[in-house]
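Peer 1: Quick one: structure below, then a few questions.
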Amino acid sequence: MTAESLKDLYPPIPDNLVIEPFTAFFFTIGVTFGLTGIITAAIIFLTGSVLKHKHTISEKLFLFYLVLSTLIHFNLERYWTFHSKEILNEGNNNIFARLWRHFGISDTRWLGPQPGVPLSQFSCMYGIEVMATFGCGPFCLLTIILYILNLPAVWVTMPVATTIEAYGLMITWIPQVYENHQAVPVKDPVLYFLYFIGMQLPWIVVPVISIFYSIFRVTKLAGDSKPKDNNKPKKIKNDADKKKINTPKDKKNK
């Protein structure tokens, strides 16, 4: 990261912004993934060993993603929804504000409203975070509950949740392409490829996979639910079978 790569961005990076290193967030990231792993493992144990439900490895991976998404939507993104104007406040040491300040150097719109910058520059991000907080979060949580109960509706709620996530990512990326990446330091490969693209890529990759997987499961469930017609006449395989069928019983007994 160089000062040159952060120049001429709009919204600008405030001169007094303290940019913390990524290592400052190792503990928070570790706790988040650790908590996700514990919750996921507990649900897998409950559904598998106690409730005797059968879930594939793919479905368990989706569960991990949904638990992680729920934690992010209800905590980090909820903070932006309600406190975006406080992110740049001097002395704000809230862990979520610090995370947004760190991530915000890869897309300055995430730094929140600034003096002298029209609110319209941040309206797109506000819309995304409202969707994440009140749309993705509740649907991810509902999907986890349906997973535990082993109800087929899980294959409806999961694609709804992930579609909202994918839509949110598209309206994050597309305006920046249209505006020539004015808020993104494209000259810095780490901030552009690792942060702006890499860290957000799962929000489109996993949703696409989950949508196709849900279609597969719904189709399979629909096929399994069709009544089987056991009254159809059996097919006659060969002439010998025909003779057996057409031979009168009294002839056989002679």
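Keep in mind that glycine also has a Cβ here, set from the backbone N, Cα and C atoms.
As the structure is a computational prediction, the values presented were derived from the model and not from experiment.
The transmembrane segment annotation in TrEMBL covers 24-48, 60-76, 125-149, 156-178, 190-216. The domain 'EXPERA' annotation in TrEMBL covers 58-211. Under the heading region 'Disordered', TrEMBL lists 223-254.
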Peer 1: Name the range, of those listed as 24-48, 125-149, 156-178, 190-216, that has the largest tally of Cβ pairs under 8 Å with the transmembrane segment (60-76).
Peer 2: 125-149
Peer 1: Residues of the same chain, at least six outside the transmembrane segment (125-149), with any C-beta under 8 angstroms of its C-beta?
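Peer 2: Distant contacts of the transmembrane segment (125-149): 43, 46-47, 51, 55, 59, 63, 66-67, 69-70, 73-74, 77-78, 80-81, 84, 109-110, 157-158, 160-161, 164-165, 167-168, 171-172.
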Peer 1: Any idea what the model's mean pLDDT is for the domain 'EXPERA' (58-211)?
Peer 2: 96
